[in-house]
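Everything below concerns the one structure shown next.
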Amino acid sequence: MASSMFLAQRRWFLSLPRNLSNARFFSALPSEHPVSVSGPQNNVGPESNKFEKASSAPSSLKEPELAKWDSEGPFKPLHKMNPTRLAFLRSTLCRHFRKDPLSARPFEGLRFIDVGCGGGILSEPLARMGATVTGIDAIEKNIKIARLHANLDPTTSTIEYCCTTAEKLVEEQRKFDAVIALEVIEHVADAAEFCKSLSALTAHEGATVVSTINRSMRSYATAIVAAEYLLQWLPKGTHQWSSFLTPEELTMILKRAGVDVKEMAGFVYNPLTGRWSLSDDISVNFIAYGTKEK
């Protein structure tokens with residue numbers, strides 16, 4: 001059973017081993033950078049400060065703009081990683097909300113927000129699993145792409161996409177059952193303030209999920225030296241190693257924001273099979289699930 005397999009892979013973060021044989025790579029790809037920010041950003045492009053509400057008028061984007069949705073195109077690694085991210089979300093959130101993980105639509109009746117949604121690669125499968133999804137991104141072009149693709153399917157056309165930030169939604173007193181920010185926090189100006197916003201958006205007894213890159217020597221070698229300079233999978237300067245957070249730092253920041261981390265897992269990539277998998281190894285890519293404290 002799939003759920004039992006993932007359950008066997010998860011461990012409490014305080015006792016996680018650090019060494020597996022699989023290769024580790026990056027977590028973010030060009031133009032898919034999540035940019036819900038707390039202030040001015042570096043390395044996120046000239047449009048990163050466009051926080052105005054995106055127009056709801058029909059998009060003028062050409063079909064090539066949907067290239068990031070081609071699973072065999074330049075965003076192929078992100079598409080390959082997505083099932084592993086979704087496996088963690090399905091397992092932890094079904095347990096949290098007491099839902100059946102084997103159901104086709106386990107998140108029916110729940111409100112989710114995808115912070116830094118990019119083109120909607122995570123938002124759409126969450127909607128197909130029954131969640132009422134809001135996707136936000138600070139880059140208007142990303143929101144236009146997300147809307148254009150979502151409108152191709154009636155199931156995903158209901159996603160609420162907004163060109164805004166988490167902080168602005170806090171001001172509007174919005175609340176969600178699950179707040180999800182994957183590969184975002186390493187790009188924000190103030191991680192502590194960002195986590196406070198995530199906590200404020202999380203409803204009572206809700207869940208918060210954050211993924212990022214560990215500040216380790218291995219992440220420097222793979223996410224920066226290899227991915228940006230040797231293999232040139234990412235533009236140079238995409239990541240700043242000093243902006244990465246260790247699992248202990250992320251746990252502490254979330255705790256101070258009112259979110260208690262309950263579970264943590266790593267993402268590892270096997271270059272022989274071309275597949276990502278959940279792992280106990282959090283030395284590079286990792287994801288944390290926490291609950292809103294009373």
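Including glycine, each Cβ sits where the backbone N, Cα and C put it.
If you look up TrEMBL, you'll see 32-66 marked as region 'Disordered'.
Per TrEMBL, the feature S-adenosyl-L-methionine binding site maps to ARG85, GLY116, ASP137, LEU182. Cβ neighbours within 10 Å of GLY116 (S-adenosyl-L-methionine binding site), excluding its own Cβ and spanning all shown chains: 28.
Look at TrEMBL and you will find GLU183, GLU186, HIS187 tagged as Mg(2+) binding site. Around the Cβ of HIS187 (Mg(2+) binding site), a 10 Å sphere holds 26 further Cβ atoms from the protein chains shown.
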If you draw a 10 Å sphere on the Cβ of ARG85 (S-adenosyl-L-methionine binding site), how many other Cβ atoms land inside?
24
Among ASP137, GLU183, GLU186, the binding-site residues in question, whose Cβ has the most other Cβ atoms within 10 Å in this structure?
ASP137
Considering all pairs of residues in ARG85, GLY116, ASP137, LEU182, annotated in the record as contacting S-adenosyl-L-methionine, what is the maximal C-alpha distance expressed in whole angstrom?
19
